[in-house]
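This report refers to the structure that appears directly beneath it.
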Amino acid sequence: MCNPKIEDGGSASILAEPTPTAETTTTTNARRKGRVVPQVAACMAAALGTLASGAVSGWTASTLPSLQQDMHMGTTETALMGWYQSVMYFLSKIVTNNALTKEAGIIGVGAILGSLIAGRTMDYMGRRKTIVLTNPVLVVAWVLMAVAPNIYLILLGRLLCGLMTSFLLSSVSVYSSEIPEARIRGRLSSMTSFFITLGIVLSYIAGIFLPWRYSCYVCAAPAFLSAAIMLAMPESPYWLMLNDRRGDAETALQWLRGPHYDINEELESVATKLKAVGTKIEYRELLRPRTRRPFFIALFIMTLQQGTGSNILMIYTSNIFLSAGIENHHMPIVYIGLVQVVGTIGSVLLMDKLARRTLIVMSITTVGVFTTALGVCYYLRTVGVSWPQAVPLVAMFMAVFGYSLGCRTIPWLTTSELFNTTIRSTANTACLFYNRILNFVTIQRLGLFYSPGDSGEIPRADSGVL
C-alpha cells in the first residue's frame, strides 16, 4: 500500500500510515529484537570453559581419599625435586602444615595470581582470544595431573588450573555480559554459574566411577570443546569498538543479532559511552563517586558468597561423609552434585521474579542454618551422642542447595548489572581478585585447626565463618 501524497498546507488522512501486517510487524520486531540463538550459542561456547573450571573446584571432593592413599599426602614431604616443587612447597606451607589443605588450597594461589593479570590480558588480546588460548592450557594442566608421578606435579597442575580458572571466570563473565541484548543479559550471564555447577557434578561422577587419573581426562574435555567451538564465534563487539575496529564490530554484532536487526543504534550507544569515559579505564575509576557505591556493593556480595564457607563443604565432601561414619560415601556425593544443579536452576528461574537482595538473603539464611546444624551434629558425635546418618546428610544437602540458590550465581551477575559496558571489564577483574583472595583465605583457614582424623572441625569451621 502506498501512502497518499500530502500537499503543502494539507492534512494527512487516516490512510497516511500503512495498516500493519504480519510481515511488517515481524520485520519491525526483528529490528527491535535480535535473534536469540546466535547469542545463546556464543555464551554457551564460552561457558563450556567454565564447566572445566567447575570441575577444578569439585575434583577433590570425590578423589581426595584415593589421592591421599596413592600419593601419601598425610606425610610431610622432605625431598624437593626441582625449582617448581620448592615454589609449590613454600607457597603451600605459608599458612598450613597439612598436605590435605595444601592440595585443595594451592588452586587458590593460582587463582589469585591469575586474577591479577586476567583483566589486562583480555583487554589487550580480546575476550574471545583469551578464552580460546586459556582453554588449551587448562587441558594441559589436567593432563599434567593425570600423569603426575608425585604430589608436586599435582600441585603444579592445580596451580595452573587456578591460573586458568581466573582467566576463564573473568573473560567468560565479561564476554557473556557484552554479547547479549539487555533483555536476555541476566539469564545468559547466569549461564556461567550454571556451567560451573555442571562441571562440579561432572568431576564428582568422574571421580567416583573412574580412577582419579582417568577422571582428569574427563574433566579436561569441556575445555578442549570450548576452545574448538569458540574459534567459530565472534569477538565481543564492545571490545572491537574499544579498539577502533568499528567495521569488525558491525560484522560481529550483525551475526549475533541477525540480518534484519538494526545495529546502528546499539553501536552508537557504545560509541557515545566510550567517548564520554575514554578508551583507557584505570582501576581508580572504580573509586570515583559514580562507581564507588556499586563497586562496594559488589565487593560486599562477594564477601557474603565466600563468607558462607560453602566451598569448604564441597571441597571436603568425601572426608565429611567418611568422618560421619558413612562408608559408602560415593552416592551422597553424586546427590550433592544434583542438589547443586537443582539449586542453580532454581536461582536462574527465580532471579527475574524476586529481587536480587531477597534471593541472596534467602540463600545465606539457608546456608547459615544448616551448616550450623551440621556443626552441632559433629560436635555431639565427638562427645558420644549418636545421630542417625540421615541428619548430617540432610543438613549437607540443604546447605549446598541454599548456596546454589543465590550465593553462587548472584555475585557474578552483579558485576554485569551494576556497571555499564565501559567499566565492566575493570570492575569484573577487581571483584574477581577480591573473591579469589577470600576463597583462598577461607580454605587455608581450615588448615590452622584441622588435621586428618579430626572429624568435626570442617563443619564447625564452616558454620563459624557465618
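Each residue, glycine too, has its Cβ placed from N, Cα and C.
Remember, it's a predicted structure, so these values are computed and weren't measured experimentally.
Record note: among 79-98, 99-118, 99-118 is the stretch given as transmembrane segment by TrEMBL. Looking at which of 40-61, 154-176, 333-351, 387-406 has the most CB pairs under 8 Å to the transmembrane segment (130-148), the answer is the stretch 154-176. Counting same-chain residues at least six beyond the ends of the transmembrane segment (333-351), those with a Cβ under 8 angstroms from any Cβ of the stretch are 58, 61-62, 186-187, 190, 193-194, 197-198, 200-201, 204-205, 207-208, 314, 317-318, 321, 359, 363, 396-397, 400-406, 408-410, 413.
Counting same-chain residues at least six beyond the ends of the transmembrane segment (212-233), those with a Cβ under 8 angstroms from any Cβ of the stretch are 41-42, 45-49, 51-52, 55-56, 59, 62-63, 66-67, 70, 128, 131-132, 135-136, 138-139, 142-143, 145-147, 199, 202-203, 206.
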